[in-house]
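Over in Swiss-Prot, the protein carries these features:
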type    : residues                                                                             : note
BINDING : Gly10, Ser11, Gly12, Lys13, Gly14, Thr15, Arg126, Gly209                             : ATP binding site
BINDING : Ser31, Arg36, Glu57, Leu58, Val59, Gly84, Phe85, Pro86, Arg87, Gln91, Arg161, Arg173 : AMP binding site
REGION  : 30-59                                                                                : region 'NMP'
REGION  : 125-164                                                                              : region 'LID'
Amino acid sequence: MNILIFGPNGSGKGTQGALAKKKYDLDHIESGAIFRKHIGGGTELGMKAKEYIDKGELVPDDITIPMVLDVLQSSGENGWLLDGFPRSIVQAEKLWEALEKDGVKLDFVIEILLPREVAKNRIMGRRLCENDPNHPNNKFIDAIKPDGDKCRVCGGALSERADDQDEDAINKRHDIYYDDNTGTVAAAYFYKDLAPKAGFKYIELNGEGTIEEIKDTLMGQLV
């Protein structure tokens, strides 16, 4: 089973991706984690990517695409869930070309829908657990408010990502995501239009529901 998942920062995309990964034993390929690995390792591609990430800008395709495609080609036998890529219409087209060229079947594309202002507030309230960044903790969402400065799931220490508190950086990321001409929403639309003739299923989810509500809807459609 091979899945693409779309959703703005703050939509719970990472959480839902982790749940699907666990249920179906998929490789969860998250472009941000790939970037962080390269940045932490001090690779040439990583250092180039960091310059753009620090400014809240889209990392150029000639840096991103080689990283992502390499990981897809070495993924496990149960398939993969690709999270955070493609982020533009150009990347969407190039990814589809690569999948077709390699004979890789795409089974599902998921889009989590969330208004921009709601997404922004969720980002600024997000707290990351030292043990698992996908443990849900957000001071602005009643259902997943942390226990003081401790993770509500495991009790681990919580921290903020600096760019989660930078409104300018958030706005830049959302400018890219919500751009329905060339940005990430346009990339999602590309796959939505392609789905009927390409043979994969396109799933739209209401991101304003609770984690459990979204999960139940998603799992009911991944069949």
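Yeah, the Cβs are placed from backbone N, Cα and C, and that goes for glycine too.
Feature annotations (Swiss-Prot) mapped to structure.
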residue : record           : contacts (Cβ under 8 Å, 6+ apart)
Lys13   : ATP binding site : Ile5, Phe6, Gly7, Asp83, Ile112
Gly14   : ATP binding site : Glu30, Asp83, Pro133, Asn134
Thr15   : ATP binding site : Asn134, Pro136, Ile211
Glu57   : AMP binding site : Lys172, Ile176
Val59   : AMP binding site : Phe35, Lys48, Ala49, Tyr52, Ile53
Phe85   : AMP binding site : Ser31, Thr64, Val68, Gln91, Leu95
Arg87   : AMP binding site : Ser31, Leu58, Thr64, Ile176, Tyr177, Gly183, Thr184, Ala187
Arg126  : ATP binding site : Gly10, Asn137, Asn138, Glu160, Arg161, Asp164
Gly209  : ATP binding site : Thr217
Check: Reported in the order helix, strand, coil, what are the DSSP residue counts of the region 'LID' (125-164)?
Finding: 7 helix, 9 strand, 24 coil
Next item on the list: Measuring CB to CB from Ser11 (ATP binding site), give everything in the same chain under 8 Å that is also at least six residues away in sequence.
Entry: Ile112, Leu113, Leu114, Ala119, Arg122, Gly207
Notebook entry, point to check: How many neighbouring Cβ atoms, not counting its own, are there within 10 Å of the Cβ of Arg161 (AMP binding site)?
Noted result: 13
Notebook entry, point to check: If you measure every Cα to Cα distance among Gly10, Ser11, Gly12, Lys13, Gly14, Thr15, Arg126, Gly209, the residues said to bind ATP, what is the biggest one in Å?
Noted result: 17
Notebook entry, point to check: By a Cβ-Cβ criterion of under 8 Å, what residues six or more beyond either terminus of the region 'LID' (125-164) are in contact with it?
Noted result: 10, 12, 14-15, 18, 53-54, 56, 170, 210-211
Next item on the list: Work out the three-state DSSP category of Lys13 (ATP binding site).
Entry: helix
Notebook entry, point to check: Among the binding-site residues Gly10, Gly12, Ser31, whose Cβ has the fewest other Cβ atoms within 10 Å?
Noted result: Ser31
Next item on the list: In three-state terms from DSSP, label Ser31 (AMP binding site) for me.
Entry: helix
Notebook entry, point to check: Considering all pairs of residues in Ser31, Arg36, Glu57, Leu58, Val59, Gly84, Phe85, Pro86, Arg87, Gln91, Arg161, Arg173, annotated in the record as contacting AMP, what is the maximal C-alpha distance expressed in whole angstrom?
Noted result: 26
